[in-house]
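Chemist: Sharing a structure, written as structure tokens. Questions coming.
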Amino acid sequence: MTNYAIILAAGKGTRMTSDLPKVLHKVSGLTMLEHVFRSVKAISPEKAVTVIGHKSEKVRAVLADQSAFVHQTEQLGTGHAVMMAETQLEGLEGHTLVIAGDTPLITGESLKSLIDFHVNHKNVATILTATAQDPFGYGRIVRNKDGEVIKIVEQKDANEYEQQLKEINTGTYVFDNKRLFEALKCITTNNAQGEYYLTDVVAIFRANKEKVGAYILRDFNESLGVNDRVALATAETVMRQRITQKHMVNGVTFQNPETVYIESDVEIAPDVLIEGNVTLKGRTHIGSGTVLTNGTYIVDSEIGQGSIITNSMIESSVLAAGVTVGPYAHLRPGTTLDREVHIGNFVEVKGSHIGEKTKAGHLTYIGNAQVGSSVNVGAGTITVNYDGQNKYETVIGDHAFIGSNSTLIAPLEVGDNALTAAGSTISKTVPADSIVIGRSRQVTKEGYAKRLAHHPSRSK
């Protein structure tokens, strides 16, 4: 059995009120087109053809070499859009899935079941349908007394009886490939919209006494087509619920799943605890036994097993096992933390590698640095890495002790086991096993305070 796919992605999406093509709006971190294409791959199409139009280069860039593309210059209806794919699929034997690129909730399992139903029933066309509590706006499935599909009627063309029908057309179909393009040559624009309706091929097949069937979705949510921001928000809500439920089934605990945002490509190992208001985005991986507390935000990062992240932001970073971060820490892109590193409150790390068991407990900036293992970085330490034009590196050896309020002016190297005195400004190399003091000597002038305006004696 050879399968093909046509994805309709040419529309502008006027009701989205956006410069972005409709299919490129995102749901849980992926464009709607990407969601649809991932589901389409479940039927293993020998060729996928995407019909593009509005801002076509942006749409093409999303799928790149995963799909062939055809251009629909004028949007003259769904039938016209499918006609554009004939140059890619003409004369081929097999079954062709036609699906809209704005249906992000459709699953690969449903599409595979649709194809199997189509093949097993030897249909020339199979419509993916759903039962709607409120069918207004959808095309209706009209059956005869024997339950056979006889036609699909659009909302604007439906009579009073047809408008009461609850079974709706989802806009997804499977056709015999050759018969599809033969039938498309017979459709017209004689309808309320003045467009080429793809649905008209059903009546053509019926007139030729060819078999047309309908496969009913079990979950109506999968049929959602996104035409405006309201529907986009609905799709986001449904997708978010799916994602959290998947992770819960796989052993992840959510204290308040309704408040958590997790994107589609995030991976979470079993026995992770996630509190409320946590955001996980991009290609993030969370290791087993990790705890993510309220307010944590992580994007494109790897968190090692058994770590604790407390109300902190982590971007494009790699953390080994047993790391503790936060509260209120910020790990910026290019940060690597080895095992059992502690990054405390109000610490920012950027573009740096920090060795195992090193601690930076509070109020510190570490940028463009290589920090060894078992280093203590005192409160208020700053690596001065930028001179207004260039960035420079700071290197700190193993077991070094950086005193509180140290200012390390890069480029700089602090050797193994070295110690910087609190309040020091260091601009030259510190050899291993050395103590460096880079501050002014304290001068005490007894009784001088009485001469100053703030002294109580001055107010008398």
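Using the three backbone atoms N, Cα and C, a Cβ is placed for every residue, glycine included.
Pulled the feature table from Swiss-Prot, pasting it below:
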- 1-229: region 'Pyrophosphorylase' (REGION)
- 8-11, LYS22, GLN72, 77-78, GLY139, GLU154, ASN169, ASN227, ARG332, LYS350, TYR365, ASN376: UDP-N-acetyl-alpha-D-glucosamine binding site (BINDING)
- ASP102, ASN227: Mg(2+) binding site (BINDING)
- 230-250: region 'Linker' (REGION)
- 251-460: region 'N-acetyltransferase' (REGION)
- HIS362: active site, proton acceptor (ACT_SITE)
- ALA379, ASN385, TYR386, SER404, ALA422, ARG439: acetyl-CoA binding site (BINDING)
Chemist: What number of additional C-beta atoms lies within 10 angstroms of the C-beta atom of ASP102 (Mg(2+) binding site)?
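Modeler: If we count other Cβ atoms within 10 Å of ASP102 (Mg(2+) binding site), we arrive at 26.
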Chemist: Where the distance is taken from Cα to Cα, which of the binding-site residues LYS22, ASP102, ASN227, TYR386 turns out closest to HIS362 (active site, proton acceptor)?
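Modeler: Answer for the nearest of the binding-site residues: TYR386.
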Chemist: Determine the minimum-neighbour residue: among GLY77, GLY139, listed as binding-site residues, which Cβ has the fewest other Cβ atoms within 10 angstroms?
Modeler: GLY77
Chemist: Using a 10 Å radius around its CB, how many other CB atoms surround the residue listed as 'active site, proton acceptor'?
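Modeler: Neighbour count, Cβ to Cβ under the 10 Å cut-off: 18.
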Chemist: If you draw a 10 Å sphere around the Cβ of ALA422 (acetyl-CoA binding site), how many other Cβ atoms fall inside it, taking every protein chain shown into account?
Modeler: 16
Chemist: Going by Cα-Cα distance, pick out whichever of the binding-site residues ASP102, GLY139, ASN169 is nearest to ALA422 (acetyl-CoA binding site).
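Modeler: Checked the binding-site residues ASP102, GLY139, ASN169; minimum Cα distance to ALA422 (acetyl-CoA binding site) goes to ASP102.
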Chemist: Identify, in sequence order, the residues in the chain of LYS22 (UDP-N-acetyl-alpha-D-glucosamine binding site) that are 6 or more apart from it along the sequence and have a CB within less than 8 Å of its CB; answer 'none' if there are none.
Modeler: GLY11, LYS12, GLY13, MET16, MET32, GLY101, ASP102, VAL226, ASN227
Chemist: Which residue among the binding-site residues LEU8, ALA10, ALA379 has the fewest other Cβ atoms within 10 Å of its Cβ, if you could check?
Modeler: ALA379
Chemist: Work out how many Å separate ALA10 (UDP-N-acetyl-alpha-D-glucosamine binding site) and ALA379 (acetyl-CoA binding site) at their Cα atoms, rounded off.
Modeler: 56
Chemist: Fill in the CA-CA distance, SER404 (acetyl-CoA binding site) to TYR365 (UDP-N-acetyl-alpha-D-glucosamine binding site), as an integer in Å.
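Modeler: Between the alpha carbons of SER404 (acetyl-CoA binding site) and TYR365 (UDP-N-acetyl-alpha-D-glucosamine binding site) there are 12 Å.
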Chemist: Do any residues at least six apart in sequence from TYR365 (UDP-N-acetyl-alpha-D-glucosamine binding site), in the same chain, have a Cβ closer than 8 Å to its Cβ, and if so which, in order?
Modeler: VAL347, GLU348, VAL349, THR381, ILE382, THR383
Chemist: For each of ASN227, ASN385, SER404, count the other CB atoms within 10 A of its CB; which of these binding-site residues has the top count?
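Modeler: When each Cβ's neighbours within 10 Å are tallied, ASN385 leads.
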Chemist: Can you give me the Cα-Cα distance between ASN385 (acetyl-CoA binding site) and LEU8 (UDP-N-acetyl-alpha-D-glucosamine binding site) in Å, rounded to a whole number?
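Modeler: Just about 51 Å between their Cα atoms.
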Chemist: Pop the Cα-Cα gap between ARG439 (acetyl-CoA binding site) and GLY139 (UDP-N-acetyl-alpha-D-glucosamine binding site) into the table, whole Å please.
Modeler: 79
Chemist: Of all the binding-site residues given, namely ALA379, TYR386, ARG439, which is spatially nearest to ARG332 (UDP-N-acetyl-alpha-D-glucosamine binding site) at the Cα level?
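Modeler: When the Cα distances are compared, TYR386 comes out closest.
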Chemist: Taking only the binding-site residues ALA379, TYR386, ARG439, which one has a CA atom nearest to the CA atom of ASN169 (UDP-N-acetyl-alpha-D-glucosamine binding site)?
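Modeler: Minimum Cα distance from ASN169 (UDP-N-acetyl-alpha-D-glucosamine binding site) across ALA379, TYR386, ARG439 lands on TYR386.
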